[in-house]
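Chemist: Relevant sequence annotations retrieved from TrEMBL are reproduced here:
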- 17-141: domain 'Peptidase C39' (DOMAIN)
- 176-449: domain 'ABC transmembrane type-1' (DOMAIN)
- 487-723: domain 'ABC transporter' (DOMAIN)
- 176-198: transmembrane segment (TRANSMEM)
- 204-227: transmembrane segment (TRANSMEM)
- 282-306: transmembrane segment (TRANSMEM)
- 312-333: transmembrane segment (TRANSMEM)
Amino acid sequence: MTREAPPGLAGTIGRQEVAAAVSSDMAVIAWLAKAHQRPFSESGLRAALPAGTDLASPEGMSRALGLLGLKARLVSERPVSIDPAVLPCVLVRPDGSQAILAGVDAKRRLFTVIDPLAGNLEVEFKRRALRRAFADRVILVSGQEDRPAAPHGTQAGGRDWFWGPVRECWPAWGQILVAALCLNLLTFALPIFVMNVYDRVIPNAAFVTLSTLAVGVAIALAFDVALRTLRAGILERIGRRVDLKVGSALFQQCMSARLMARAGGAAGMANAVRDFESVRDFFGSASFVALIDLMFIGLFITGLFLVVGPLAWVPLLAVPVVLALALIAQVPLRRSAARAQQLATRRHIVLVEALLGIEAVKSLNGEPVMQREWENAIAAAARISGKTRFWSGLATNGALLVQQVVSVGIIVWGVYLVTQGQITVGALVAANILSGRVLAPLTAVAQTIFRAHYARSAMQALNQLMEMPREREETIRTDLRVRRGALNFRDVTYRYPGAQHPALDQVSFEIAPGEVVALLGRVGSGKSTTGKLMNGLLVPESGTILVDGHALAQYDPAELRDGIGYLTQDSELFTGSLRENMTIGRPRASDDEIRQALYLAGMDEFVAANPEGLDMFLGEKGHSLSGGQRQGVALARLLLRNTPVLFLDEPTNAMDQTMEAAVIGRIQKLAQGERTVILCTHRMSLANLADRFIVLDKGRKLLDGPKQDVLNALRNAQLRKAEG
């Protein structure tokens, strides 16, 4: 029984007008973009921002305006006091909504306010009325220094993805240096206390002095604990801030990198991102604190010379010895760290591939092979770990030995100096304490050379990730939109990396707006490659692709994909509910629109019969659904986006005949409008929806023309082949 379309809905999803007004939360940003003569693309902005970003907040607005090459800054100031030179700026109402302060008439004492949410309504406010209507918060907007536009597909460039956020925290780094200076000065408190106890308190039984010294050193120790706690808190704040910014940049790069530039595959990229934790942990660890303390070794050496004179030469001469041990261990540890990072990536790839392909592994009895790969990976990691422990232990034990020798040397030489009357017993004990403080940072650094090199190797892998060619620039530089759906391939050639023959070779065709075309050909003929090129997932090696008369590269990728919908052969679903999977490309879609798309994809009866409806949990990659159902959800998800152009790559090959017939009937109604539809299929039942056939063979265009003419040509070719 054929199910009727949902009540109140047409049989097809009507195309949204491309020129429609922007969404309400984008209205202020769109106005500012126009005022600063910046190209505005709502799709481009939404694609570059996390879903659910509050664009009315200063943080969200600043992030969005940054993508347009503008800077935003929140200031606490009365709107009536704003300097007209900084206009236009954004005013904030008590309820959080926003408007634009566009001008000030000083003579008439009037303020011109524009409300983009009310169709750019222009209202003049008097001074008192403006103060009542808006809060004492203003968002100032200014243009950034223009940078030369990088072409699509260029690298993210530079190392600012990490060092930029680190530099932004320079006030906090200054606080850490001040805290380190104070802590190192407080370190003198205990040696001075001990020296005075031995030299003054004990010989004279000066218990009042002892009490005073004890109180003083207790205060110093309390300050020491407080400063260490404060320093740890500052480091934690820096780490959290850098982690948020760098983590966001890394994931954005993973999403923006061109498909063919993804060296190492998804698992390798995931491992590189995971290894950022080693970089973050190193900068927040005791090792990094020890590196800061290295700056103050000279302070302690100077203190030793002042207290014990020539005895300070013992720890001073030990410093280059410990550094030499660290340098000796550095070369093998650097190699070990690089190799360990490679093995960690390999181990991660084996694990991810085995778990993602667990059904295939089990059905083929492939567990022994995967177990062998895993054990080989962990055995290699164990071998490199043994080498690492040896060299790291050598550096650590050597540094500890030097520290002990220094302590013995100070005591031995100090005894002679004490007996000669050059220093006191208290000074000798204090010198022994200070010598340990001189060598402690060096010992800590020697202990963590491997961690430093591993963090360095991880940074190199992350730099390679961040330097992958991107399909989206850092700022939006075009507001082109796909409006009509006209497509034109001109001598397009594409060759996959490492392939001997091109997947497409000098292919040319033109598709008019609203035309329905079937793309036919044997496996490997280049049909899917055509769709990926059309959707901007791949970049042609040569030739030109025009969309509505403009080169495809001129479009922002998000605007291009808002205009050209591409359904892949593989029905990729994600862990979550049906609603979450449906709205991944259109988060604001209503339930009625979702049900309408499900109806067009033949999934309406299945969803209606499920007690959970749109909230049904699909499992990992949608494994709780059959192959045909997954394909239906993927098709519905694409139709929900209302794109002017549809490229459907085998949209029904996993469906049964009943479901396929229903889907074909509904797609036929969908194709009767102004939408351009390209059907890539081997099934004539679906291909018959088209009036024009294009046949590809071995990457070349073989036939192109009206359906019946192409079918007749194919039959004649088969007859000639049979007769020959």
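Keep in mind that glycine also has a Cβ here, set from the backbone N, Cα and C atoms.
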Chemist: As a test of reading the model: what is the averaged pLDDT for the domain 'Peptidase C39' (17-141)?
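Modeler: Over the domain 'Peptidase C39' (17-141), the predicted model scores a mean pLDDT of 80.
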Chemist: How about the transmembrane segment (204-227) with the transmembrane segment (176-198) - do they touch, taking at least 3 C-beta pairs under 8 Å (6 or more apart in sequence) as contact?
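Modeler: In this chain the transmembrane segment (204-227) contacts the transmembrane segment (176-198) - 3 or more Cβ pairs sit under 8 Å.
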Chemist: For a three-state summary based on DSSP, what are the helix, strand and coil counts in the domain 'Peptidase C39' (17-141)?
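Modeler: Split into helix, strand and coil, the domain 'Peptidase C39' (17-141) gives 45 helix, 34 strand, 46 coil.
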